[in-house]
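Since the structure comes first, as C-alpha cells, the remarks are kept for the end.
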Amino acid sequence: MAAPGGRRNAMAHLDAEVKEEWLREDLQFYFMNPCDKYRARNQIPWKLGLQILKIVMVTTQLIRFGLSNQLVVAFKEENTVAFKHLFLRGYSGTDEDDYSYSVYTQEDVYENIFFAINQYHHLKNLSVGTLGYAENEDNEIGLKVCKRHYKRGTMLPFNETLDIDSDIEIDCVHLALQDLSKNSQEWKNSPFFRLEFYRLLQVEISFHLKGIDLQTIHSRELPDCYIFQNTITFDNKAHSGKMKIYFDCEAKIEECKDLNISGSIQKNTQYVLIFDAFVIVICLASLILCTRSIVLALRLRKRFQTFFLEKYNRHVSNSNQWEFINGWYILVIISDLMTITGSILKMEIKAKNLTNYDLCSILLGTSTLFVWVGVIRYLGYFQTYNVLILTMQASLPKVLRFCACAGMIYLGYTFCGWIVLGPYHDKFENLNTVAECLFSLVNGDDMFATFAQIQQKSILVWVFSRLYLYSFISLFIYMILSLFIALITDSYDTIKKYQQNGFPETDLQEFLKGCSSTDKCEKGPSAFLSCICCLRRERSDDHLALVS
C-alpha cells in the first residue's frame, strides 16, 4: 500500500518541478531582448520592426504638418502686423511694451480714433491683402465703438477736490459702412465722441475682417479662410497722462464655403490622407501588441506570485512585482494613442472639417518626442549605453526629494523679488517673469543685465536688490546646484561599480538563475526533467509566452 502512495508523491513532486521549470523558462524568455528571443524560439520581433517603421512614419508626418502649421502661424502674424500699420496712426513697427504705443494729448486721442475709423472705411482701397468686411457678433458689418467711464465725477486737482461715482457705465455705438460713407463731420461731432477724460477709463474699437490664405496653394494644399476679430483699446485706467493703445487680433479659421481650384491640389490631399491613415494603422498595431504584452506580463506576474507564496510561504516584494511592468510599453501606448488622435485631427484639418492646429501640433509633437525617447530602450540592451537609463532610474527618487526642498527656497525668492523689485525692474513685473529670470540666473545667463537694469530711484531698494541677487546666485549656483549634480554623480558612480562587480540580486533574479533565496541549489535540472519540459512546451500553444 505504501508503494502507490510513494509513486504518487514522486509524481506530484516531479510535476511541481516541471511547473517550476516551466515558469522559470517563461520568466527568462520575458526578460530577454528581442534578438535573444529570436534565437531562442525563432520568434520574429514584430514590435521592434513596428517601432522602427513608426519612427520613420511619425517623423515624416510631423515634418509635413509642421511645415503646414508654420504657414498658418506666419499668415496670422503677418496679418496682425499689417493691421497695426493700417489702423494705428504713426505705428513705428515695434511695440513699446505689451502695448503698441501711447499718446499723451487729447488731440492725439481723437486723431487716432478717427484715423482707425477712416482706415476701416477705405480698407479695400488701402490693403494689399485678400481682405474683406465680415459680420460681427451682432450680424452687422461695421465698427463697434464702446467707451467705459465712471458714472459721474468732478475733479479739481489744484485744490485737491474729488467727487466721483465709482460705478462704471458702458456706452456703445455702431458705425455701419453706410454711416461712414456720409459726411464724416456728422458722426465725428456726435455727442458720443465728446470724451470727458477725467472720468474716461477706456475706448474700444472692434471690427471683424475676412481673409483667405492663398500661400498654401504653393504647397499643394487647400487654402484656409479666416475671420479676424480686431480690437483697438485706448487704456486710460491709470489717469497718469499716458494713454496706452493696444491692438489685439484673434484669428479664427473657418471652412471656405465655395472653393473651385483647378490643378493637382485635390489629388495631393488624397495622398496625404492615405499616408495619415497608414500611420493610424501602424500605431494601432503597435498599440495592440504592447497592450497584449502588458496583459500577458500581468498574468505571468500572477503566476510567479502564486508560486512564490506556495513554495516559500511569503509574498513577492513590491520591487520584484514592478519589474514585470515594462514602463517602455506604457510610454509606447501613450505615444500611440496621441499619434492616433493627432492623425485623426490632422486628417480632419486637411479635409477642412476642423481648424484646431494647436491641439493637433501638441499631440503630434509630444507623441514624436515619446517615440524617439523610446529608442533608448533598445540602446539599453548594450551595457555602454545603458548607463544613462540606470543612472536616471537610481537618481530620480533622490533628485525629486531634493527638488521639492529646493523648490520651497526658489518660491520664496520668487515672491520676494516680485513684491520688492517688480516696480523697478522689467524682469520682476510678474511672477512668471520673475521665475524665468531666476531660472536663467541659476544657469548663469544674463547676470550683468539683471544687475544693471535695476533703477536707482530708491537707494534702499537698490541696496536690497544687490543683497537679494548676490544671495540667490551664491546659494543656488555654489550650493544647491552643486549638491544637485553631486546626487546624480553619486548614482552614476554606484551604477559603474555595480556594472563592474555585479548588481545586487533580488528574489526574482535568483529564481531566474535556478536558485531561490532559501534553497541555494547549484545543480541544474536533470536531463529527464529538461526533456519533459521541452515536450510539455511543444504540446502547448505558448499562450503565456511573451514576445517583444
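Quick reminder: no glycine exception, Cβ is built from N, Cα and C everywhere.
Keep in mind that TrEMBL annotations are predicted by a computer and have not been checked by a curator.
Taken together, the residues of the domain 'Mucolipin extracytosolic' (72-257) have an average pLDDT of 85. For 72-257, the entry in TrEMBL reads domain 'Mucolipin extracytosolic'.
As annotated by TrEMBL, domain 'Polycystin cation channel PKD1/PKD2' applies to 360-495.
Summarising the annotation, TrEMBL assigns transmembrane segment to 271-295 (among others).
Annotation source TrEMBL lists transmembrane segment at 327-345 (among others).
The transmembrane segment annotation in TrEMBL covers 357-379 (among others).
As annotated by TrEMBL, transmembrane segment applies to 399-421 (among others).
According to TrEMBL, the feature transmembrane segment maps to 467-488 (among others).
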Spatial neighbours of the transmembrane segment (357-379) not adjacent in sequence (6+ beyond its ends, CB under 8 Å) are 34, 48, 51, 54-55, 58-59, 61-62, 65-66, 69, 72, 253, 328, 331-332, 334-336, 338-339, 341-343, 345-346, 349, 385-386, 388-389
Is it possible to list how many residues within the domain 'Polycystin cation channel PKD1/PKD2' (360-495) are helical, extended or coil according to DSSP? 117 helix, 0 strand, 19 coil
The answer for the transmembrane segment (271-295), taking Cβ pairs under 8 Å and residues 6+ beyond its ends, is 46-47, 50-51, 53-54, 57-58, 60-61, 64, 325-326, 329-330, 332-333, 336-337, 339-340, 343-344, 346-347, 350-351, 546-548
